[in-house]
Amino acid sequence: MSSKEKFSSISPAEFFKRNPELAGFSNPARAMYQALRELVENALDATDIHQILPSIKIIVERTSQEKEIYRLSVEDNGIGIPPHVVPDAFGRVLYSSKYVLRQTRGMYGLGVKAAVLYSQMYQDKPIEISTAPLNSKRIYTFKLKIDISKNEPVIYERGSVNNEIGYHGTTVTMYLLGDWIRAKSRIYEYVKRTYIITPYAEFYFKDPEGNMTFYPRLTNKMPAPPKEVKPHPYGVDIELLKNMISRQKEDTTVKEFLVKEFQSVGEKTALNVIEMAGLDPDKKVQKLPDDQLSKLVDAMKNFPDFRPPSPEALSIIGADLIELGLKQTFNPEYVGAVTRKPKAYQGHPFIVEVGIAYGGGIQPSEEPTVLRYANKIPLIYDEKSDVVWKVVEEVDWKRYGIEEEQPPLVVTVHLCSTKVPYKSAGKESIADVEEIEKEIRNGIMEASRSLKTFMVEKRKEEEARKRLLTYLKYIPELARSLSIFMSDGKKELSTKIKEEIQNKMIDLVVTKLEIKDKDLEIFKSYRVETL
Ligand SMILES: Nc1ncnc2c1ncn2[C@@H]1O[C@H](COP(=O)(O)OP(=O)(O)OP(=O)(O)O)[C@@H](O)[C@H]1O
């Protein structure tokens with residue numbers, strides 16, 4: 001037996017082809033769900049971030065009876081993709097327009113390529129892209145696959161046609177081995193949950209069974225888009241610093257570098273940080289040796305007086321849109337939402353939003369229904385390993401007036417950040433970062449306080465109603481006594497008067513209790529039987 005190891009290197013494409021589960025492509029059902037997600041999230045990033053009201057069309061069709069191959073197509077009305085970057089955007093793993101400090105659904109430069117890699121493993125058709133950037137005179141079409149060992153696109157066909165109608169947007173079509181029966185409920189849940197927090201979008205969804213669902217736009221109000229920001233000094237490390245320095249002009253000084261490249265750093269702060277690191281502010285930044293770079297990083301991480309990271313890079317949903325989505329989907333008795341103030345972890349700003357809905361059309365259940373979102377993406381799988389679940393599980397709902405064993409309760413938590421600490425590239429659960437966990441807890445507590453006020457009012461009203469109902473018992477007796485008193489013993493008259501008094505008093509109770517017409521009969525029969 002040889003004791004020699006064989007060494008070689010593989011490309012990023014090969015890595016994700018060998019380990020598809022890391023990107024969420026672990027079996028045909030999950031892969032179908034994940035591919036659809038990746039396309040929808042790219043479609044939404046291409047629209048709302050650019051202030052375009054999204055219209056998204058999703059079509060899934062089965063194309064082969066022998067193998068379970070599906071054709072998945074997602075069309076958007078977004079900003080489109082410049083034709084020269086299309087091959088890399090769809091055919092080079094770790095290529096993205098989202099490697100900047102700005103909140104987007106995408107962040108890894110992997111999603112659609114992981115779908116393409118999975119797609120070409122089990123069937124032979126290439127991915128098809130048709131796209132028109134804003135104001136483009138032409139619509140460009142591509143068919144491509146990925147050369148896995150080189151991590152490069154292989155173009156099978158390309159072309160373009162006149163764009164006579166001023167269309168902009170992208171349609172992506174891919175073929176993949178799926179399992180609709182097992183993926184169906186998650187896919188529907190995904191579309192529904194996406195719609196809840198994007199009520200300014202419209203979705204059309206045709207599933208492989210031929211069912212068509214239209215989710216209409218509920219409002220034209222869109223969240224403010226995120227702005228690209230510079231890094232915050234708390235978020236740096238030596239390698240990031242080296243990378244940034246390599247892009248500086250030769251004569252840039254350390255002080256100029258800090259002021260120009262980082263948020264929250266003015267002249268005075270820069271000098272203080274440099275002094276703390278024991279460096280010369282006028283030294284050329286490209287001349288800093290590794291040990292001084294390390295000192296600079298330490299000073300940046302430990303300097304106590306930076307302003308917190310700017311929340312401008314974030315785009316919240318907003319309490320009103322969260323409430324609107326929850327109302328439309330669950331028709332609850334109570335709904336309330338809060339958007340917390342910006343906070344930061346490791347130099348990244350983040351904001352937590354919480355929505356709570358109770359009663360009405362919500363199904364009672366032993367555990368509350370938890371809707372988790374990160375950067376406007378619904379997270380469906382791996383619920384129990386998510387920090388949101390950890391926090392929700394600890395909440396004592398009785399403190400907020402929820403007494404039922406099986407409360408009809410929906411808790412929505414949205415975390416937005418320039419860096420969401422996902423546990424894997426499949427983006428299904430958020431890691432327990434202390435600052436985030438604390439903020440989620442505070443958000444749930446804040447939102448639950450309004451729920452409590454509502455529950456206290458509701459209890460009070462119920463009790464008042466019960467009390468008033470008990471008065472009913474006394475009405476006939478009171479009416480009878482009064483009628484005898486008023487009719488001077490004339491029996492005929494007394495029956496009439498009794499009837500009149502009784503009806504008046506009942507009217508009074510009915511009005512006070514706001515008893516609806518349809519309940520009135522039940523109410524009257526109840527009175528007769530009880531008395
Ligand atoms: N429908 C679309 N409209 C506009 N641009 C798109 C669309 N689909 C993909 N892109 C471009 O292709 C790039 C690569 O997409 P991909 O899904 O691989 O990664 P990502 O969205 O950047 O990150 P992640 O892996 O986290 O999803 C995107 O960054 C975007 O620039």
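Backbone N, Cα and C define each Cβ position, glycine as well.
For reference, TrEMBL has these:
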{"type": "DOMAIN", "residues": "27-148", "note": "domain 'Histidine kinase/HSP90-like ATPase'"}
{"type": "BINDING", "residues": "Asn42, Asp76, Ser97, Lys98, Gly106, Met107, Tyr108, Gly109, Leu110, Gly111, Val112, Lys113, Lys427", "note": "ATP binding site"}
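Per DSSP, the secondary structure of the domain 'Histidine kinase/HSP90-like ATPase' (27-148) breaks down as 42 helix, 32 strand, 48 coil. Among the record's ATP binders, Asn42, Asp76, Ser97, Lys98, Gly106, Met107, Tyr108, Gly109, Leu110, Gly111, Val112, Lys113, Lys427, no two C-alpha atoms are more than 22 Å apart, and one pair sits at exactly that spread. Per-residue confidence over the domain 'Histidine kinase/HSP90-like ATPase' (27-148) averages out at a pLDDT of 96. Comparing the binding-site residues Asn42, Ser97 on other C-beta atoms within 10 angstroms of each C-beta gives the minimum for Ser97. In sequence order, Phe16, Ala23, Val93, Leu94, Ser96, Ala425 make up the list of same-chain residues 6 or more apart from Leu110 (ATP binding site) whose Cβ falls under 8 Å from its Cβ. When Cβ atoms from all protein chains are considered, those within 10 Å of Tyr108 (ATP binding site) total 16, not counting its own.
Taking every protein chain shown into account, Gly106, Val112, Lys427 are the binding-site residues, and of these the Cβ with the most other Cβ atoms within 10 Å belongs to Lys427.
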